[in-house]
Amino acid sequence: MTIMSDIIAQRTILLIADFSSIIGCSLVLIGFWRLKLLRNHITKIISLFCATSLFKDVISTIITLLYKPDQTESGFPCYLHAIVITFGSLACWLWTLMLSFSIYNLIVRREPEPERFEKFYFCLCYGLPLISTIVMLSTHIIQPVGGWCWIGDNYDGYRFGLFYGPFFFIWGTSAILVGLTSKYTYSVIRSSVSDNKDKHMTYQFKLINYIVVFLVCWVFAIVNRILNGLNQFPTVPNVLHTYFSVSHGFYASITFIYNNPLMWRYFGAKFLLIFSKFGLFVQAQQRLELNKNNNNPSPIMRSKNALDNGADSSVVELPCLSKADSLSLDAENNIETPKENENQNHHHHHHHHHHHNHYNNNNNNNNINNKNDMI
């Protein structure tokens, strides 16, 4: 295969990954805009990640379509592509790290007001990438490197210092935070007396699967760069590195939609509306439309509400994100009629009051998962 064929193959992979990421991130942002029940501290971080990824992928796609693969001179499109890759990728990684930290903060450290860190997140997630980008531009090290433009092949020190060094740190720190969070939640679930342990494990998985997607999508980059450092340049790791690193936004978006029934009910109702005009899937469309705002609660007690209502802070539990902040992280997503939903809301309010009294009277750690914690 010639060098030009390699470049064309790289560009094709880039376009496929960029287009899929654009579609996925757009769906998440539309859902965040249209569905107010989705808006909380965690989903805000995810939406900012998606907005950053969308910005990066749109510009990258336009440049890839317009940029000639045989161009050898560094012009404005070349510099813009390098800026988008460096700034956009670093910002997306940092938003993922902030998501890892926020989940750890909520679950393990039991932070009652995670929103107070958001202003620092903004400064960090956009400030550090800006510094790396400015240094890259000021040192005149941008060159065409195959299917895109970036730091030239002869500047390994800059590549590591401005890009891969921060990446390895972010990847490793995210993995550690996921491990600590998983260890904590697993130990609490295992020591509980709940009849819903399977649902609690599903809840735990849905808390951390965003981070797992990040770790998996970028592990190929780590393997490929290690091989490159050993002066090995195999095709398969390079292709996997290119595809999964660029399509990270797509897989993160799919994970978000999977975690939130609001999303697939909302888009499902909109999609089936087309067929219902022709008398097809009418009942299914109506049921989704009626229940599109029914984001089922998690199987775990909402710790923030419990603490706000005076529950003993020494009780060990797996916190959700408060009533206003609850994500749909349940194992079963039952669709109900409006009447059934109203009855269940009244029933849930009664049980929430019962749990509050139960927590005040009993400080046993196993109370977090008693069998009244229903979905």
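Positions of Cβ are set from backbone N, Cα and C atoms, glycine also.
According to Swiss-Prot:
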TOPO_DOM  1-10  topological domain 'Extracellular'
TRANSMEM  11-30  transmembrane segment
TOPO_DOM  31-44  topological domain 'Cytoplasmic'
TRANSMEM  45-65  transmembrane segment
TOPO_DOM  66-82  topological domain 'Extracellular'
TRANSMEM  83-108  transmembrane segment
TOPO_DOM  109-119  topological domain 'Cytoplasmic'
TRANSMEM  120-138  transmembrane segment
TOPO_DOM  139-161  topological domain 'Extracellular'
TRANSMEM  162-180  transmembrane segment
TOPO_DOM  181-204  topological domain 'Cytoplasmic'
MOD_RES   Ser192  phosphoserine
TRANSMEM  205-223  transmembrane segment
TOPO_DOM  224-234  topological domain 'Extracellular'
TRANSMEM  235-259  transmembrane segment
TOPO_DOM  260-375  topological domain 'Cytoplasmic'
MOD_RES   Ser298  phosphoserine
MOD_RES   Ser303  phosphoserine
REGION    338-375  region 'Disordered'
COMPBIAS  346-358  compositional bias 'Basic residues'
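For the topological domain 'Extracellular' (139-161), the DSSP counts in helix, strand and coil order read 6 helix, 6 strand, 11 coil. No contact links the transmembrane segment (235-259) to the transmembrane segment (162-180), because fewer than 3 Cβ pairs that are 6 or more residues apart lie under 8 A. Across the topological domain 'Extracellular' (224-234), DSSP classifies residues as 6 helix, 0 strand, 5 coil. The average per-residue pLDDT of the prediction over the topological domain 'Cytoplasmic' (31-44) is 88, rounded to a whole number. When other Cβ atoms within 10 Å of the Cβ of Ser192 (phosphoserine) are tallied across all protein chains shown, the result is 22. Under 8 Å from some Cβ of the transmembrane segment (162-180) lie the Cβ atoms of residues 86, 89-90, 93-94, 96-97, 100-101, 103-104, 108, 128, 132, 135-136, 151, 208, 211-212, 214-215, 218-219, 221-222, 225, all in the same chain and six or more residues away from its ends. Following the DSSP three-state reduction, the secondary structure of Ser192 (phosphoserine) is coil. Helix, strand and coil content of the topological domain 'Cytoplasmic' (109-119), in residues and according to DSSP, is 6 helix, 0 strand, 5 coil.
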